[in-house]
Amino acid sequence: MTKACIFDLDGVIVDTAHYHFLAWKRLADELGIRFTVEDNERLKGVSRMQSMEILLGLGNVALSQHDKETLANKKNTWFVDYVERMMPEEIYPGVKALLEQLRKQGIKTGLASSSKNAKTVIQRLHIESYFDVVVDGTMVVHSKPDPEIFLLAASKLGVDSKDCVVFEDAEAGVEAALAAGMKCVGVGSPVQLGKAQRVIEKTGQFKPAELEQL
Ligand code: G6P
Ligand code: MG
């Protein structure tokens, strides 16, 4: 029986995945690396420095650790600029209602994002109080597809992995949820998320009654 739902943030609660893409794209353009929306799928769910490595790999560019960190910081400055201009209305339609319905049914809610900016984002959206537990990229060593972040969220929620359902828009996130022994609802395209028990287009269209059919 489902006792907790754990949500990814970027691309599941709000479209910050697009802001990440725009910031990486700007960096790729500066570096003369061809970078498409399809390439960006590989960056979803993974940490900032791993994303940096994937981007440089696409352009066959080798840089020192120091330069990689400088460029990743630059990308983050651009991303944070977007976040600072974000409005609470940007939360995807139906997401708050879903979180409220889950809680009413006694199901715990967690947020598990690889982003080190996750807390800032949920503060800007005024939704901190909708989650019983928030786990972010500052609290784990291994980012998705490693299951660490979901296992940490489940342990903080006091719920067994098998009783958790994860909502994810990234292939790496779906893999992490399954590796943690959890069920997963993919949010996006079945092409990337086909391993999930179910794939939906938008988080807000999910109904709590559907949890037991997973
Ligand atoms: C999430 C996003 C990734 C992002 C990562 C790190 O997993 O899906 O696109 O690169 O977090 O985010 P950060 O805000 O710490 O750079
Ligand atoms: Mg995501």
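Glycine is treated like the rest: Cβ placed from N, Cα and C.
Listed features, source TrEMBL:
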ACT_SITE  Asp8  active site, nucleophile
BINDING   8-10, Trp24, 43-48, Ser51, Lys75, 113-117, Lys144  substrate binding site
BINDING   Asp8, Asp10, Glu168, Asp169  Mg(2+) binding site
ACT_SITE  Asp10  active site, proton donor/acceptor
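Each of the binding-site residues Arg48, Lys116 was scored by other CB atoms within 10 A of its CB, and the lowest score goes to Lys116. The 6 Å Cβ screen around ligand 2 retains Asp8, Asp10, Asp169 from the recorded positions Asp8, Asp10, Trp24, Arg48, Lys116, Asp169, ordered by sequence position. Fewest other C-beta atoms within 10 angstroms, among the binding-site residues Asp10, Glu168, are seen around Asp10. For ligand 1, the neighbouring recorded positions among Asp8, Lys116, Asp169 are Lys116, by Cβ distance under 6 Å. For Trp24 (substrate binding site), other Cβ atoms within 10 Å of its Cβ number 24. Taking only the Cα positions, the spacing between Asp10 (Mg(2+) binding site) and Ser113 (substrate binding site) is 7 angstrom. On the backbone, the CA of Asp8 (active site, nucleophile) and the CA of Lys116 (substrate binding site) stand 13 Å apart.
On a Cα basis, Glu168 (Mg(2+) binding site) lies 17 Å away from Lys116 (substrate binding site).
Counting only the Cα atoms, the space from Asp169 (Mg(2+) binding site) to Ser113 (substrate binding site) is about 11 angstrom.
It is Asp8 that, of the recorded positions Asp8, Gly45, Ser113, Asp169, has its Cβ surrounded by the most other Cβ atoms within 10 Å. Within 8 A of the CB centroid of the Mg(2+) site residues Asp8, Asp10, Glu168, Asp169, the other residues of that chain are Phe7, Leu9, Gly11, Val12, Ala17, Lys44, Gly45, Ser113, Phe167, Ala170, Gly173, Val187. Trp24 (substrate binding site) carries a helical DSSP state (H, G or I).
Rounded to a whole number, the C-alpha distance linking Gly45 (substrate binding site) with Glu168 (Mg(2+) binding site) is 9 angstrom.
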